[in-house]
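**Student:** Shown below is the structure under consideration.
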Amino acid sequence: MPAQSTLAVASRKMPAFPEFIAMMAALMALTAFSIDIMLPALPQIDEMFDITDPNARQLVVTDYVLGFAAGQIIYGPLSDRFGRRAVLLFGLGLYAAASFLCMVAGSFEMLLAARFIQGVANASPRVIAIAIVRDIYGGRRMAEVMSFVMMVFIIVPVIAPSVGGFWLVFGSWHLIFGFLFALSVGVFFWMLLRLPETRHPEDRAPLSFRWLVHAFAMILKTPQTLGYTLATGAVFGSMMSYINSSQQIFTEVYGVGDWFPVLFGCVALALVFASFCNSQLVGRLGMRRLSHGAVVGFVAVSAVHVVLVYTTGDAHLGIFVVLIALNLFCFGFIMPNFNSLAMEPMGHIAGTASSFVGAATTGIAAGLGWYVGQHYAGSTTPLVTGYFVFGVASLILVLITEKGRLFSVGSPGSH
């Protein structure tokens, strides 16, 4: 099927390219907002519910991510069977309801349960956005579009903690969930009014246990998809470790809690710059060259940091910020390209494959991030060690997937 042929079956005209990019970015940005906007409120939640374990506050993030991972396995097969649009709108509606439950939560347990549901719901926009892009584009063009989407999406973590802090000026953490509720309702109506169906009727897949087993078997037997999924999960684990621990590190290790949203945003700017560079370079240099170079750089930066921490103790604040920013710069090249490489062979079952890739990478990252976060004990050592170990694991997985050939040309269109 030609790259743009799915547009011919749309029930209404496809939005112009800039609006389409903005729509896909908005769907994925809900995820980043849902995680990072809560970080400044964690101490207030801790105090309100009288939580005795100082690391228990991280569960507000972890429960959401676990729900997000679990939900992704559902929406891909559903969208392959019933189309992208209906499944997307269901997820957005459920997300709005879960955000309201979070806003009115009267106990820590109720908040965690609502956060899990919020994660399950928000898996829909993530899975469907990637599947829609894969419906319409392939090869390098898909990588370019995904990079644009990720570039807009990655801006959100830069501003999300500041947005959360802004609402805390006017009241409690409940206002943050009120904002997420309003945002999700707005996105719901935007998609309802402007987004057509992109799944060709003839391509609708059956929804049966036997077919799902067959589809997942195809994914597991495709080395490129499986290898890059595991490699993404490993390096994404470092990002989740940072998100889980960052508020405590900046507040307790470095004593700059009031500046946390600003410092978090400054570090995240490295991701924005990397994603912009990737969008400009991937068409010329290809996904493999950029992402393989980035994962090697990630390991090198992590090695410098881990040697520094184990020989001299916690690095100076400025050095810590610079090294983490360099890691995130590398991550900005790794994430979109690894994801595109994993999805590239899966055009015929893009929704189910997107579910598998998303669930696996997020589940792995959530587990690794939780493990590192729970080992926080007043120093940066667990975080820095996690960065190095997860980076090395990702590099090894890429080497296995590519049979020892980094920077190889690969299949046509992927370079």
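Sequential numbering from 1, following the chain as shown.
Glycine too: its Cβ is placed from the backbone N, Cα and C atoms.
As annotated in TrEMBL:
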{"type": "TRANSMEM", "residues": "20-39", "note": "transmembrane segment"}
{"type": "DOMAIN", "residues": "20-405", "note": "domain 'Major facilitator superfamily (MFS) profile'"}
{"type": "TRANSMEM", "residues": "59-75", "note": "transmembrane segment"}
{"type": "TRANSMEM", "residues": "87-106", "note": "transmembrane segment"}
{"type": "TRANSMEM", "residues": "145-169", "note": "transmembrane segment"}
{"type": "TRANSMEM", "residues": "175-193", "note": "transmembrane segment"}
{"type": "TRANSMEM", "residues": "213-239", "note": "transmembrane segment"}
{"type": "TRANSMEM", "residues": "259-278", "note": "transmembrane segment"}
{"type": "TRANSMEM", "residues": "290-311", "note": "transmembrane segment"}
{"type": "TRANSMEM", "residues": "317-338", "note": "transmembrane segment"}
{"type": "TRANSMEM", "residues": "350-372", "note": "transmembrane segment"}
{"type": "TRANSMEM", "residues": "384-401", "note": "transmembrane segment"}
**Student:** I'm a bit unsure how to read this: which one of 59-75, 213-239, 350-372 has the highest number of Cβ pairs shorter than 8 Å with the transmembrane segment (317-338)?
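**Tutor:** Looking only at 59-75, 213-239, 350-372, the most contacts with the transmembrane segment (317-338) come from 213-239.
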**Student:** For the transmembrane segment (87-106), give me same-chain residues lying six or more residues beyond its boundaries with a C-beta closer than 8 angstroms to one of its C-beta atoms, as numbers and ranges.
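**Tutor:** Long-range Cβ neighbours of the transmembrane segment (87-106): 27, 30, 71, 75, 78-79, 114-115, 117-118, 120-125, 128, 174, 177-178, 180-181, 184-185, 187-188, 191-192, 195.
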**Student:** Cβ pairs under 8 Å with the transmembrane segment (175-193): which stretch of 20-39, 145-169, 259-278, 350-372 has the most?
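**Tutor:** It is 20-39, which has the most Cβ pairs under 8 Å.
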**Student:** Taking residues 6+ outside the transmembrane segment (259-278), which of them lie with a CB under 8 Å of any CB in it?
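**Tutor:** Beyond its ends, the transmembrane segment (259-278) has Cβ neighbours at 36, 39-40, 147, 150-151, 154-155, 157-159, 161-162, 164-165, 246-247, 250-251, 290, 294, 321, 324-326, 328-333, 336-337.
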